[in-house]
Each structure stands twice: as structure tokens, then as C-alpha cells.
Ligand SMILES: NC(=O)C1=CN([C@@H]2O[C@H](COP(=O)(O)OP(=O)(O)OC[C@H]3O[C@@H](n4cnc5c(N)ncnc54)[C@H](OP(=O)(O)O)[C@@H]3O)[C@@H](O)[C@H]2O)C=CC1
Ligand SMILES: Nc1nc2c(ncn2[C@@H]2O[C@H](COP(=O)(O)O)[C@@H](O)[C@H]2O)c(=O)[nH]1
């Protein structure tokens with residue numbers, strides 16, 4: 001029997017009695033690893049979304065960030081962020097280049113506060129080996145592993161030593177994995193299954209289309225949400241402005257796109273143009289206001305209230 005699974009766009013949250021007098025009373029902050037952040041939401045570790053300046057921008061405003069792992073000097077990045085009194089959060093892969101970067105960090109006496117193991121399918125032997133290696137060599141580091149999409153995979157990554165798990169396979173806006181391989185799991189099912197299976201925080205990665213999807217992800221059990229396209233196209237986002245017929249855009253491309261890889265090999269991502277939207281400050285404020293409102297509809301004062309709401313499927 002083939003069963004149906006749902007995405008954010010297929011569900012809504014049922015309102016409860018509001019207990020606050022103003023949405024301002026609702027607290028959107030989240031403890032994640034050793035630090036507390038203003039929002040349970042952050043920009044994807046993609047080259048077309050974040051660069052070193054974007055990371056600094058978010059860290060200074062106490063938003064979580066993760067630098068991407070493509071052509072990055074991890075030593076320089078970690079040293080620079082920590083010299084500025086900011087936390088360092090980097091991404092790594094599973095191959096020899098990552099081992100070299102980690103050895104260089106160790107030799108320089110540096111330890112980032114957060115490391116994200118960023119591979120398409122984190123439920124694999126190479127990921128297990130890297131997770132165990134990082135936990136051994138950088139025991140004080142908060143290690144995020146991913147990506148995965150099932151309870152069984154989440155349990156394995158927790159057992160291997162991950163401090164948080166990033167869930168979401170082939171749900172991203174510039175993803176073509178589902179078209180090229182046939183594999184994908186809708187986000188509501190992914191997040192609910194993974195979050196129920198482990199005691200470490202789960203990050204819902206990809207597929208955020210509307211601001212309300214953040215609240216839906218948290219209602220499904222996510223502790224944090226990662227989004228790419230939501231944060232693309234701003235002054236502070238990575239990449240240059242492109243002008244076409246007098247209209248301004250920024251490029252948003254997948255980490256597994258030909259554009260990011262530099263060759264057409266195992267391509268599972270595409271490049272699109274997103275409208276240029278100016279400064280990101282207004283977006284960050286609006287996201288926070290919207291989430292405060294979500295918490296009020298959930299009948300609480302804190303994010304935990306979202307875990308108590310009923311999720312309903314809607315007929316299209
Ligand atoms: N969240 C998502 O759904 C997805 C995200 N991505 C993103 O794209 C980026 C690049 O991903 P990717 O192209 O997979 O490369 P990776 O850099 O993640 O691959 C790392 C290593 O793992 C091997 N590998 C990758 N996929 C598989 C597989 N299916 N089976 C066996 N070995 C594998 C690769 O070898 P080899 O190339 O020889 O196979 C390579 O040596 C990452 O940042 C990832 O997050 C990509 C796809 C889906
Ligand atoms: N299948 C692919 N997924 C990718 C690729 N590059 C990034 N990603 C994933 O997408 C999310 C962002 O999704 P969005 O809907 O918020 O835009 C990102 O965090 C990765 O997990 C890719 O090339 N192929």
C-alpha cells in the first residue's frame with residue numbers, strides 16, 4: 001500500500017486561545033548548542049546565499065549562521081570570526097579536503113563552536129566516519145549532521161555522535177534530485193518522523209516557501225529551520241546583482257549545480273534568478289514579527305507552544 005505524505009503547503013495549524021496582550025510578548029529565541037539565538041531560523045550554507053560577510057552580519061545580530069564549505073579557508077574564517085569576538089560555524093564534507101582543513105584547524109589551535117557535516121545523503125559510511133572523527137578531534141564542537149529524511153537515519157546519526165541533525169532530502173527550491181533520482185520525502189513527514197525519533201535537535205532544511213512554513217516546521221517538531229531561497233536576493237546575501245532588461249536579480253544556485261561544481265557531473269541542482277530585494281533587515285524583522293504572531297495563535301508565549309498545536313491537512 002502506498003501512503004500519502006505531506007509538505008508544508010498541504011497543512012495548516014489550528015488556532016488556540018491567545019494568552020498575550022501583544023504579539024511583542026511572544027519570545028522567538030532559541031537555545032541551540034552553546035548559544036541562544038533570536039530566531040529558530042537561519043540561511044542555508046550555500047555559496048549563493050552566504051559568504052563571510054553575510055555570516056558576520058548574522059552573527060552580529062545573534063542569528064545563527066553556517067558558512068558554506070566550497071573553496072573556503074576554514075582556518076582564516078574561524079580565526080577571523082573569533083578574533084572579532086563572534087562565534088565560528090563552518091561546514092565540512094566527507095572527503096580528504098575536509099580532513100586537511102580539520103588538520104589545519106587543529107594545528108592552528110582553532111576550534112569552531114559549530115561544525116555542519118554537509119552532504120546530500122548523510123546516512124552513509126563516509127559520513128559516519130567523519131562524524132566520529134570530528135567528535136573525537138573536536139570534542140567541544142557542536143556537530144550538526146545531515147541531511148537525512150527518516151527516523152532510522154536520524155537514530156543512526158544521533159548514535160554516531162551528532163549533536164543536532166539536519167533533515168530534508170530533495171525539498172529545496174533549486175533541487176533537481178527528485179527529478180533525476182526519483183528520491184524525495186515531503187517536509188512535514190520528514191520533520192515529524194525525525195524529530196520523534198531522536199532526543200537531539202532536528203533542523204528542518206529546505207522547502208520554506210512562505211513565512212508561516214517556519215511555524216509549521218516547528219509544530220512538526222523542528223528546533224531550527226534552514227532556508228535558502230528565502231534569504232537569497234538581498235544586499236547582504238552572497239552574489240552579485242545581475243541586470244536584465246532594466247530589472248535587477250541575484251543568482252540562486254544549488255550546491256550540487258553545475259555552476260557550483262564547475263563541471264557537469266552528478267548534477268542535482270539548478271541555477272535560477274531571484275528578484276533583487278534590497279536590504280535584508282526588513283525581512284529579518286518581518287520574519288520575527290510573523291513568528292511572534294504564530295506563537296500567539298498557538299496560545300503561548302514561547303516557541304514551545306507551537307509543539308502543542310494540532311496540524312491539519314487541507315484538500316487542494
Ligand atoms: N539536501 C538535499 O536534498 C541535497 C543537497 N545537496 C547539496 O549539494 C552539495 C553537493 O552534494 P553532492 O554532489 O552529493 O556531493 P558531496 O560533496 O556531498 O559528495 C561527497 C562525497 O560523497 C560521495 N557521494 C555523494 N553522493 C553519493 C551517493 N549518492 N552515493 C555514494 N556516494 C556519494 C561523492 O562521491 P561521488 O561524487 O563520486 O559519488 C563524494 O565523494 C552538498 O552541499 C549537499 O548539501 C545535494 C543533493 C541533495
Ligand atoms: N537537491 C539539492 N538540494 C540542494 C542543493 N543545494 C542546496 N540544496 C538544499 O536546499 C536547501 C535550501 O532549500 P530552499 O527551498 O530553502 O531554497 C539547502 O539548505 C540544501 O539542503 C542542490 O544542488 N541540490
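Including glycine, each Cβ sits where the backbone N, Cα and C put it.
Automated prediction, rather than curation, is the source of TrEMBL annotations.
Bear in mind that the values here come from a model prediction, so they are computed numbers and not experimental data.
Features reported for this protein in TrEMBL:
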| type | residues | note |
| --- | --- | --- |
| ACT_SITE | 175 | active site, thioimidate intermediate |
| BINDING | 202-225 | NADP(+) binding site |
| DOMAIN | 6-308 | domain 'IMP dehydrogenase/GMP reductase' |
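Just so you know, the Cβ of residue 220 (NADP(+) binding site) picks up 27 other Cβ atoms within 10 Å once every protein chain is counted.
Proximity of the binding-site residues 202, 208, 211, 217, 220, 223 to ligand 2, judged by a Cβ distance under 6 angstroms to any of its atoms, singles out 208 in sequence order. A coil conformation is recorded for residue 208 (NADP(+) binding site) in the three-state DSSP classification, outside any helix or strand. Along the domain 'IMP dehydrogenase/GMP reductase' (6-308), the predicted structure has mean pLDDT 98.
Within 10 Å of the C-beta of residue 175 (active site, thioimidate intermediate) we count 24 further C-beta atoms, all protein chains included.
Secondary structure from DSSP puts residue 202 (NADP(+) binding site) in a beta strand.
Comparing residue 214 (NADP(+) binding site) with the residue listed as 'active site, thioimidate intermediate', their Cα atoms are 19 Å apart once rounded. In sequence order, 286, 287, 290, 291 constitute the residues six or more apart from residue 211 (NADP(+) binding site) in its chain with CB-CB distances below 8 Å. Around residue 223 (NADP(+) binding site), the same-chain residues at least 6 positions away in sequence with a Cβ under 8 Å from its Cβ are 30, 32, 40, 164, 195, 201, 202, 203. The distance from the Cα of residue 217 (NADP(+) binding site) to the Cα of residue 175 (active site, thioimidate intermediate) comes to 19 Å.
In this structure, the binding-site residues under consideration are 202, 214, 217, and the one with the smallest number of other Cβ atoms within 10 Å of its Cβ is 214.
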